[in-house]
Amino acid sequence: MLNRVDFGGRPFHFIGIGGIGMSALAHVLVKHKLPVSGSDARLNPITEQLQHLGVRIFPQQEATNLLALPQLPQVVCSTAIHADNPEYKMAVELGCPILHRSDLLAALIERYQSIAVAGTHGKTTTSSMIGYLLLQGGVDPTIIIGGEVQAWEGNARTGMGEYLVAEADESDGSLAKFAPQIGVITNIELDHPDHYSNLEQVIKIFETFANHCQTVVACWDCPTIRDRLTVLPDQSVVSYSLFRESGADYSVDQISYGPQGTLAQVWERGELLGELSTKLLGAHNLKNALAAVAVGRLLGLDFITISRGIARFEGARRRFEVRGEAHGIRFVDDYAHHPSEIRATLAAGRLQLKSREEFISPWQRLVAVFQPHRYTRTFTFLTEFSQAFGDADLVVLTDIYSAGERDRLVQGQHLADCMAEYHAQVQYQPSLEEVKLFLKQTLRPGDLVLVLGAGNLNQIIPELLDYYQTLPIETISEVVPL
C-alpha cells in the first residue's frame, strides 16, 4: 500500500540523501521548487550538486536535524535506513509522515506519462538510453535513474515534457508499487538473496509490476520472462529478441559485434526498419538498445531519430566506463556484481582486446579485479561466482564489501579458494591497499583492467592511473608478470 505524498508545499527531508536513488528524487523535487533537505554521513559530488540547487544537507544523521528545520517535513527513507536510526526515531516521535523512497517514486510515476524500466540486469543502461532517445527526439523528459549520465550530468534531469523515464528497482520488493504506462522488463534472475529466498518470489514481484503496466515491453530471450511470467489476459505485451526466429515484435539479424560497438539490422513485426549502431559492447547491450527501440516506437518516434540517438549514446557511468589509459594499460570501471553481469562484462572486455593489437606483447591480458558485494549474495552464488571468470586471464579478488550486512556468512578467502578450482590465475588481496600494491607490481602494457563491483573498489583507479603515467615505460616492461 502506498503512503500518501503531499506535493502541495510541505517540505521533504531525505535520510541518506547521498544515495544514488534518493538523490535523484531530491533533484526532481527541488527542480519543481519544492523545499528539500537531507542528511548523509558521506558527502559526495552528488550532495554538493544538490547543495548548489538549494538543498540543505546535514553532514550527520542526527535526531536534532529535524528540529533545526522551520517546518516538520515528510521524511523519505530507503530500505537501508533502519528503525534504530536516530533521525528516523525522531521523525516517528514528532509524527512526521514517513515515506519509503518507492512511495515517492510511485507518486511521481502517477503524475507523468511514465516509462519504468525493471529487470535484474540492464536497468540503468536501458532507462538512460530511453531517456536519451526522448531527449534527442525533442520530448524534454524527466529522468530518474540509478546511475550518472554525462548527457544530463547526473542521475536525474527535470524536463518540461509529459514523460518520465524511471529505473524501477526490485531489490526490496517495492517494484510492486509502480504503475507506469509502459513497463520494460529486461530479464529476471534470482538476486538480492537478503530479500528473496527463491526465484518464484522474484517472478511474483515482476508479475505484479507487469500487471500494473498498461503495456509491457519484455525480452523474449529470457526464458523466465517468456515461459514463466504470467500477465493478465488483456495485457498489451511487446516483445523483443536478438533472434528473428523467436517471433518477437522487435528482432535483429546481421549482427556484427566489434571492439568499438555493435551493428545490426532491426525488424519490426516482419518489416525491416533499418540499421542500428551502438557504441556499447556486447550482446547484452544490443538487447538493451532493442528495448529502447521498442519503447521509442511505442511513443511514436521515427526509426531515424531512434537510430541516431542510440548511435550517439555514450552509456552511463560505471557501465564499462573507460576511466583512462597509461602506457597501454587501460582501466575500465564496471558496476557488475552478479555472476551473469560479470560474464557479460568480461565478454565485452574480450571484444575490446581485439582493438588493442598495436601492443605487441606476449602477455596482453584481460585482468579482472573484483570486489564481491554483500555476504548474502556471495554465499548464495558462491559456485556461480567461482565459474564466472573464465574469460579473464588473471583474477584479483578482494574481501567482501558488506553494504551494511553484519552476518559474515562467507569470507573473501573462501571465494578465492573456490574460484581457484576453476581458474588457474586467482590472487586474493583482501584490502584496497593490497590490491593497489599488487597491481603496481603486475600490470604491463597491453593489459585491459576491468574493475568490477558495486562497492568502493573503483576508488583505486585514479591512483593507479597516476602511478603508471609517471613511470617510464621501460621500467614497466622490465618485469614479466604472472
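Just so it is clear, glycine is given a Cβ too, placed from its N, Cα and C backbone atoms.
Feature annotation from Swiss-Prot assigns ATP binding site to GLY119, THR120, HIS121, GLY122, LYS123, THR124, THR125; the stated evidence is sequence analysis.
Shown on the structure are the features that Swiss-Prot records.
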residue	record	Cβ within 10 Å
GLY119	ATP binding site	26
THR120	ATP binding site	22
HIS121	ATP binding site	21
GLY122	ATP binding site	23
LYS123	ATP binding site	25
THR124	ATP binding site	24
THR125	ATP binding site	29
Task: CB-centroid shell, 8 A cutoff, ATP site GLY119, THR120, HIS121, GLY122, LYS123, THR124, THR125, site residues removed - done: VAL117, THR126, THR186, ASN187, ASN288
Open item on the list: Which secondary structure state does DSSP assign to LYS123 (ATP binding site), in the simple three-class scheme?
Closed with: helix
